[in-house]
Each structure stands twice: as C-alpha cells, then as structure tokens.
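J.: Pulled from TrEMBL, these are the listed features:
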TRANSMEM  47-80  transmembrane segment
TRANSMEM  101-124  transmembrane segment
TRANSMEM  267-285  transmembrane segment
TRANSMEM  297-314  transmembrane segment
TRANSMEM  326-347  transmembrane segment
Amino acid sequence: MVYQRKFIKEVSQTAMGVFVLLLATLVAVQAVKLLGSAAGGKVAADAVATLVAFWTVALMPIVLILTAYISALTVLSRYWRDSEMAVWLSSGLSLYGWIKPLMAFAVPFALLTALVSMLVMPWADSRSREFAEVLKRRQDTSMVRPGVFQEFGGSTPRVYFVEKFDAGSGDAANLFIREQNAQGRDTLITAERGRFAEADNQRTLELFNGRRYSGTPGMADYDEVSFERLHLIVGTAPKLVQRDIHRRTVPTAKLWGNPNPELRGELMWRITMPVSVLILALLALPLSYMDNRSGRSYSLLIAIGMFLLYQNGLTLVRDGISSGKIPLWPGLIVPHLLMLMLAVLLLRVRSQPARPFWQALRLALGGKPA
C-alpha cells in the first residue's frame, strides 16, 4: 500500500543518516583517544587504525539497535507532528496497521544485528586479543622514538636513548642505556649500533662496538668494559592468546548447552541484541505519539528513558545469569516479554487519541469508560 511504501522509504533514508552520524561520532571519539595515547607513547602509532576497526566491530550491534529505534521514532514523530498520522487514522487506518511496515523495516536490522553479534563479534574479539598480544611483542621496538629517553622493561626497567632508529629492520644507531638493580648499582651502556629482535620467545637487543660502566653512584667502584657485541634481553614475548579463552571469543555454536554460567550469560546477550531491535521498533510506534493541541510533547524523553531502562535491565539480567543466580531461559524470555506487553498496552492506549491518557489507559487495561 501507499503508506507502507512511503514509510519504508522515509525510515530507510533516515536510518542511513542516523547510522552514519552515530558511527562517525563514536569512531571519531575513539580515534582521538587512541591518537592521544599514541602521541604519549602508550600505543604504537601504526596500530591505531586496526584498534579503531576492532573497536567499531565490537560496537556495531548497539549502533544498529540505536539506528533502528531512533529512525522509527523520528519518522513516526514527524507524522504525528505534521498531522499526517491523524489523516491516515481518520481515513480508516488503525494504529495497528503500521506494525507491518515497521517490522518490514526492523527485521533486516534484527537479522544484521544477529549476524554481527553471533558470528562476526566472536571472530573480531578473538582477533583483537591476538593483535593486542602482537602489540605487546612489538612494544619495545615499535614504540622506540629517536631522540627521546624512554623506559622499557619488566622487573628491572631500563632507560633507553636512541639517536637513530629504523622500525622496519629494528636497527638503531648511537644508543645509551641505563639500568639500576635493587641494590642501587648502576649500569651504563653506550654502543655505536644496535638491533632489536625477537628470538626464542624473547625480545632482545644486540649491541655492537660499545662500552659498559658498572658501579654505585657516589662510590669509586666503577668498572669499565669495552665490547664488540653485547646481547641484552629486553623482555619476554608472550605467546599469542588461544581462542575460546574469553567468553566473548567463544563461537556461538559452542555456547549452546554449555553449563558454564558465564557462557550462558554471553549466549543470552547475543540472542538479546537482535530481539531488542524488534521490541524497540514496536515500542517506537506508541512512544512517537504527539498531540499538537497540547503544545510540547515529552515523548522523546520518555523514549530515551524506556531505552535506558530496557538496556540496563537486560544488562542486570545478563550479570545475574553469568553469576548463576538467574536461569538462562527465564532470564532470556521474561525481560522481552515484559517490554512486549508494555508496547502492546501503549498501542491500545494510543489507539484512542481522542481520550485523555489515564482514561485511555484504564480502558486498555479492561476497565469501563467513565
């Protein structure tokens, strides 16, 4: 029908704009944060783009949920504000007639959210954790900045100064290293050349043509040794994380029937995200109501409050399932059922726009008209 095609076209166009705006805003905020960390030497500069990409994938389900909800709410609110909805209702179309085009818009979003949450996110989270371990391996080389004193190392940190450094090959020139042990004894090393490398699960620094000075500050016990080659262990390179080690990396197929409460909570959350797209889209229909005769409408504030209540409630239920306090299936079904009942109740109320809200609510609950 005409109104269905018109609505689907308008809400789809709105959804594209909302999605781009939400994604661009969130990515920009995270990118600025990571660039600040890279400028401070906490994150390798060449890893920023990859980290932003993984972070974007992790946030995609909530972006899709918000896009569907905001788009439906925006278009339907405009219909009420411009009295277009009143025209359709007065022509014999009931408010329930909008459910079909609304679901035609929301179902593809729900399917896409299910695809991302159940298949893409576990894979992306596993890869992001592996990438994090790779960054740990590269930390002492990729974050070396020529001309800057930097501290690296584990139990015995060292201060490094490198005049020239090639990140691709790991070669360095004119190095200075200072190390102090627990007894307060200093070790100073200078070298003409050096090379950062990784071997046998260890990060190493090989120095060439230099001198090594050892002693206690303020004492005349310094030793001087010249060397042609000196091998230093910079740190231990941890093994890559294994898949399935974290609940978010476990493939969805392995979550079914798993007795682990934490994995049950993860399964509930992955199923919840696509279902919430449909529930929120349906809820947007009555929440978009606006009475132009009464002036301002508080529907937007109520819609925001409903979304926060719904999402926070689902989070609490997930935590309850993960801790073993709430069984999986009641925790999965009851919150959505309650919100569905609320949406149906509000639909019955808004199907009587000529009546005051409380009178319409009483009739929707089965009461008699006053």
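Yeah, the Cβs are placed from backbone N, Cα and C, and that goes for glycine too.
Help me understand the surroundings of these features in the structure.
T.: Sequence-distant contacts of the transmembrane segment (101-124) (same chain, at least 6 residues past either end, Cβ-Cβ under 8 Å): 3-4, 7-8, 11-12, 15, 54, 57-58, 60-61, 64-65, 67-68, 71-72, 248-252, 269-270, 273-275, 277-278, 281-282, 284-285.
If one looks beyond the transmembrane segment (267-285) by at least 6 residues along the same chain, the residues whose Cβ comes under 8 Å of a Cβ in the stretch are 61-62, 64-65, 68-69, 72-73, 76, 95, 98-99, 102-103, 105-107, 109-111, 113-114, 117-118, 121, 252, 255-256, 258, 303, 306-307, 310-311, 314, 317-318, 321, 328, 331-332, 335-336, 339-340, 342-343, 346-347, 350.
Listed as Cβ neighbours of the transmembrane segment (326-347) (distance under 8 Å, sequence separation of 6 or more from its ends, same chain) are residues 95-96, 264, 267-268, 271-272, 275-276, 279, 282-283, 285-287, 310, 313-314, 317-318, 320, 361, 364-365.
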